[in-house]
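Participant: Below you'll find the structure I mean.
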């Protein structure tokens, strides 16, 4: 059965596991739109008295200019009876960062608990809580900024539960030769969601008012929850609708992997494991540049290319559709190379990791030197997140190779490293560009390239794909 299953012609794209990947794609789409909704809505939410360079805002410095100029351009948007608020740029920064702190708090414990109690409940509950909090965000804003910060923090905790629970599911549903395809289909939902929210968020605010951004995407999340709890099961063995052929194929392909839940984690062995540190370093490097692009891309386009806010929003969305496409294509290519025995698994992981860290670094380093060319700058900005997402077929799913039993727990730690990198890179970027715009952006991109190169070299040196001794069944009594 193993031999027959592993050598058959291609995957069944109408199979249940691919349906699961599509539902998870929709879930990731929903979560990222809920996360980015405030970034779009806040332009219309801030008090209009802060949009005309009043004395109390003109002294805020470059950050205030960055935030206030888009608001000034958005003044013509019709927000109906929606409220506006006197939130300073510093307050807005706290609101934006609060969701990241919430995610960090729950990444590790939620990954561990998902392995014990089941990822279906953990991920579904996280998605439901995030959706409900999104619906209540406009009401919370009327009660004060403290409640908004609290809601965003709890929402981050809920999304942290949902992000990490996915890998516990794939440890039981994804055959080794299809892992890249399935996880890339699911993961591309985040990039596609970023593209959609940037494209339609401003239009929704203009046509209906900014609260409807939260109502619409919060409602979509609730619908997604119904699909999730109805269709998704933790493993194929207990799914009532799966075909016998598909169930036997998945079970036989995973027969050599131990995936039973555990209540103890070999922390000491993990700390001493260099292949794990290679994965963590890869995440740190990857998120460093990605966070800069997500956070500062509209600012860069506006300040360097001198584009108005509406065109800037459309241009800012283009890199994310490229990222979504590259994620899926990269997964297809990785599994093609494996299924045809063209490359070994370790070679595929290191190749895609290297491409995902090297190519965006080259594009970033080139940006300051082509700033005078509008077309070239846009092309490079599109290529950065697109090529960066090739990492999805590299170290990002490497925990499924080295420790499938602990994949969700380790994914939580990995994303924690990534979020820490994002917080540091965002702070460093703001400091550097506040000193001098031209040299500041150059230093930002050079520093990002250096971080990426370090992560690439570390992963190439220490990355592995063999299941580690501490992740095997014989370590059952080990601490």
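Glycine is treated like the rest: Cβ placed from N, Cα and C.
Straight out of TrEMBL:
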{"type": "DOMAIN", "residues": "36-467", "note": "domain 'Major facilitator superfamily (MFS) profile'"}
{"type": "TRANSMEM", "residues": "99-119", "note": "transmembrane segment"}
{"type": "TRANSMEM", "residues": "125-151", "note": "transmembrane segment"}
{"type": "TRANSMEM", "residues": "182-204", "note": "transmembrane segment"}
{"type": "TRANSMEM", "residues": "210-233", "note": "transmembrane segment"}
{"type": "TRANSMEM", "residues": "273-297", "note": "transmembrane segment"}
{"type": "TRANSMEM", "residues": "317-339", "note": "transmembrane segment"}
{"type": "TRANSMEM", "residues": "351-371", "note": "transmembrane segment"}
{"type": "TRANSMEM", "residues": "377-397", "note": "transmembrane segment"}
{"type": "TRANSMEM", "residues": "409-433", "note": "transmembrane segment"}
{"type": "TRANSMEM", "residues": "445-462", "note": "transmembrane segment"}
Participant: For the transmembrane segment (182-204) and the transmembrane segment (317-339), check the count of CB pairs under 8 Å (sequence separation 6 or more) and say whether it reaches 3 or more.
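Facilitator: Counting Cβ pairs under 8 Å (6 or more apart in sequence), the transmembrane segment (182-204) reaches the transmembrane segment (317-339), since there are 3 or more.
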Participant: Report yes or no: does the transmembrane segment (445-462) come within contact of the transmembrane segment (317-339), defined as 3 or more CB pairs under 8 Å with a sequence separation of 6 or more?
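Facilitator: These two segments do not touch.
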Participant: For the domain 'Major facilitator superfamily (MFS) profile' (36-467), what's the mean pLDDT in this predicted model?
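Facilitator: The answer is 80, the mean pLDDT of the model over that range.
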Participant: Mind checking which residues reach the transmembrane segment (409-433)? Cβ under 8 Å, same chain, six or more beyond either end.
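Facilitator: Distant contacts of the transmembrane segment (409-433): 62-63, 97, 100, 103-104, 106-112, 114-115, 160, 163-164, 166-167, 265, 270, 276, 279-281, 283-292, 295-296, 396, 399, 403, 440-441, 443-444, 447-448, 451.
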Participant: Report, as numbers and ranges, which residues of the same chain sit near the transmembrane segment (377-397): CB under 8 Å and 6 or more residues beyond its ends.
Facilitator: 167, 170, 179-180, 183-184, 187-188, 191, 278-279, 282-283, 286, 289-290, 293-294, 297, 300-301, 304-305, 315, 318-320, 322-327, 330-331, 333-334, 348-357, 359-360, 363-364, 366-367, 370-371, 414, 459, 463
